[in-house]
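Undergrad: I grabbed these lines from TrEMBL:
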- A:49-76: transmembrane segment (TRANSMEM)
- A:88-107: transmembrane segment (TRANSMEM)
- A:145-166: transmembrane segment (TRANSMEM)
- A:213-234: transmembrane segment (TRANSMEM)
- A:275-297: transmembrane segment (TRANSMEM)
- A:303-322: transmembrane segment (TRANSMEM)
- A:349-370: transmembrane segment (TRANSMEM)
- A:447-469: transmembrane segment (TRANSMEM)
- A:478-499: transmembrane segment (TRANSMEM)
- A:505-536: transmembrane segment (TRANSMEM)
- A:543-561: transmembrane segment (TRANSMEM)
- A:567-591: transmembrane segment (TRANSMEM)
Amino acid sequence: MTRARLPLLLALTAALALALTGRYAVMQLPPGLWPALPLDADGMSVDQILLAFGTLPRGVIALLAGAALGLSGALLQIVLRNPVADPTTLGISSGAQLALVLATILAPDLLALGRWPIALSGAGLATALVLAVGARRAFAPVTMVITGMLVGMTASAIATAVTLSQGQYLLSLVIWNGGSLVQQDWSGVATLALLLAVGALAAALLARPLRVLSLGIAGAAGLGVNVAAVRLAAVCVAVVLAAGVSAELGLIGFVGLAAPALARTLGARTIPQRLALSPLIGALILSLCDGLVLTLAGAGGEMFPTGALTGLIGGPLLIWLLPRLRGSTPPGTEAAEGPAPRLSRPLPLLGALVAALVVLALVLVWIGRVPGGWAILDAQSFADFLPMRLPRLIAAAAAGAALALAGAVLQRLTANPLASPEVLGVSGGASLGFAAVIYLVTGPGAALLYGGTIAGGVVALLLVALYVLRRDMPTERILLAGIAVSAFASAVLSAIMAAGDAKSWVILAWLSGSSAAVTLPGALGLGAVALALWLAALGGRRWLALLPLGTGVAGALGLPLRLARLLLIVLAGIATGAATILVGPLSFVGLMAPHMARRLGLARPEHHLSGAALIGALLMLTADFGARMAGFPYELPLGLFASLIGAPWLLWLLMRSK
Amino acid sequence: MTLFSLNNLTVDVPGRRLLHEVSLNLPAGRMIALIGHNGSGKSTLLKALARQIPATGDIRFEDRPLPDWSARDYARRLAFLPQTTPPAEGMLVRELVALGRYPWHGALGRFGPQDEAAVAGAMQECGVTRFADRLVDTLSGGERQRVWLAMMVAQQASTLLLDEPISALDIAHAVEVLQLVRHMCHSQNRSAVIVLHDVNMAARYCDHIVALKGGRVALQGTPDDLMTPAALHDIYALQMEILARPDGSQVAVPA
């Protein structure tokens, strides 16, 4: 792209965005009837008021919010030296969203102070968490994104559960979550304009120190820059900008990712250029997206929020950006913690785990909660209850084992301890498949729903597998491809949710996972799948021993790299898809179980895999019991309960120093 | 006999050509040093020989074109050690050495008495038998490098490719590793191609020198051919002086 063409391109895009929004305004009211300046609601017709205090501020706020997000993304990418950093991928926006959902439900009075402080504290907390984890790993780009996505997914899962528990009352919140740009007056415009002005000033002041910082920490410190202060300031500005947009408009994903990426592609090379061009491009992107939404909506009101449309850009954009990520982290530098112990005789431990599993299963069948206390079943009740409890126990244990196997395989394959089934994209695809069946078929049966879920998972898996087959791709980036698929799926889902009819509640409920409806054949089938996966993983144990040593060593020993990667990814994908049907897309068991197995001293692949599967089964049984008992007589969603156990443990693990 | 014969070997990365139509014959049964300035393409050449990176042009290994070799057959004949050896998390020394048997038993084959013997012999040869039950990551740099060499020996490949195997070692361990490789070559009739930074080490321990400059071959010959002020100036663009030691060997120092 030459320099002369750049202004032309920007002008054309601006004209297009203006034309789309303008067309909507003209359809709403012929230009001859437009209200005169200054705008005064008294003496206007209803149509004039709609235009002056609805459409016009909406057009302006799209520009302002886009610019704020573009600037936020540019700052984050520069300060973290990470081309895939943005408020969405780092979990900042989800943090703000969760804080607002919680405040709306638990402490509505707080909202009287305005949404800003709440959104800001949520965003700040999420960012602090992600940065704390990142700081322990030298802000390695891939780790940052995986951590950010995990934090974001957890925040969204909690927000979903809370929304679910409150029924229809929060439907407007769901729509807000989707990022709607609907405006009622000019106050939002005024706030965001102020925010953007302050942000722009701060960015201008930071431009020069950031330029020195781009030499790296040691180099910048050697030149006398206070590295910590500059970093903190830049991240704070970025967080405030993103949280402000979240507070005003909700979740508008990936504009902060797209704008700086486009700015660089269009030739912005220096940091001042990138900081100047990114907000401009961000404004145009969001304006264009909103124009499209308005055009599709026609005069009848919008069908889906603008944030859902920008989310659709995110997946493909990440895929496009991935090969451009510079350099790869050598294996081992992303190690989570110090050396784990190693047992010289692992078999007794594995035996103990099997025994624990059997005992736990028996206990869980035998005891239960009754109104007013706990009860141990007598022989008669045991016989009565067994057919009801057995299927879900089997299913929960099998799902836990399958997820743990998937996690262990992925962590060994990528040599990255943060790899987990959640970021493989299979769950996202499966959710989309489920949603598609719910929407396209009236009153679908269980078989059809299973079929749709599996089909969705398989399509996502194929997308990731296509990526795996690229020869020059470092293994860890496979994870990012999975994340891209997940991002795409969640964007589509939030668009569906925003429609807000009864069907979306079915999906919402499924997303949080439940084992209540499992039949015995279904449970046995899942158990057979888990067993088969375990055997298959054992068959690949030599690959799984070699792959953590990196592609250089593994390739030199004659390991068929592509084939091994493809088969292992497919294995993990099948395991994830099978379990997702039962526990929903998020549980963290696949992340936790392999770590626990390793910390217990299981080092060889075959022991590690078997131990992880057993621990996964134990964890999921416990989660199932907890989900049944914690809210007795009501049941909590299984997947959600598992993630509530898993997320704190995970964070503790990540925060441990090396 | 020729180990490798290269014809018009070219390696490109976006925006830059790392190797320019290199044509070269490498003799078998020798310890060959690849030297050159930073960015001269020596590591690139080694990786192309190890089939770690794609290259255009013709490479023949033992008179067979590289694409005709299956991954496993190639790994049975040739072992490659990358410049930075990865951490072997939770792995014992004998397990790491046993990984060298992968080209022989494959993903599912039995780990039989032959494999046992090869692993024991490799640990013996590299002097790491007494570490057999230690964790690899607890060893010192020199010991760890010997363990990785043992893995290559267990591979029973007749050709070893080593990418700067001594760059992270102190002088004592560097000498130890090079002596070990030299012994492996000369007593077992193996061939080795080693990327080295130190001209004196290359001249002292290797039989054959290939020097690269800017992605092209600058010199090929014996250590004596290398150890002249003119040749060294040609390779490094630096005035060097050659000092003779009492035993007749030569040392190059910057003039």
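Even glycines carry a Cβ here, placed using N, Cα and C.
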Undergrad: Taking A:88-107, A:145-166, A:275-297, A:447-469, A:567-591 as candidates, which has the most Cβ pairs under 8 Å with the transmembrane segment (A:543-561)?
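TA: By Cβ pairs under 8 Å, A:567-591 leads among A:88-107, A:145-166, A:275-297, A:447-469, A:567-591.
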Undergrad: If I count Cβ-Cβ pairs under 8 A between the transmembrane segment (A:303-322) and each of A:49-76, A:145-166, A:275-297, A:447-469, which range comes out on top?
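TA: Top-ranked stretch among A:49-76, A:145-166, A:275-297, A:447-469: A:275-297.
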Undergrad: Which range out of A:145-166, A:275-297, A:447-469 gives the transmembrane segment (A:505-536) the most CB pairs under 8 Å?
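TA: Comparing A:145-166, A:275-297, A:447-469: A:145-166 has the most Cβ pairs near the transmembrane segment (A:505-536).
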Undergrad: Would you kindly check A:145-166, A:275-297, A:447-469 and say which stretch has the most C-beta pairs under 8 angstroms to the transmembrane segment (A:49-76)?
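TA: Ranked by Cβ pairs under 8 Å, first place goes to A:275-297.
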Undergrad: Can you tell me which recorded stretch out of A:145-166, A:349-370, A:567-591 has the most Cβ pairs within less than 8 Å of the transmembrane segment (A:447-469)?
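TA: The stretch with the most close Cβ contacts to the transmembrane segment (A:447-469) is A:567-591.
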Undergrad: Determine which residues of the chain contact the transmembrane segment (A:349-370) at the Cβ level, with the cut-off under 8 Å and only residues 6 or more beyond its ends counted.
TA: 343, 376-377, 382, 385-386, 389-390, 393, 397, 600-602, 607, 610-611, 614-615, 617-618, 621-622, 624-625, 628-629, 632
Undergrad: Using a Cβ-Cβ cut-off of under 8 Å, list the residues of the same chain that are 6+ residues beyond the ends of the transmembrane segment (A:567-591) and lie near it.
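TA: Distal contacts: 150, 153-154, 157, 395-396, 398-400, 402-407, 409-410, 413, 418, 420-422, 424, 426-428, 430-431, 450, 453-454, 457-458, 460-461, 464-465, 468, 478, 510-515, 518, 526, 529-530, 533, 536-537, 540, 543-544, 547, 616, 619-620, 623, 637-640, 642-643, 645-647, 649-650.
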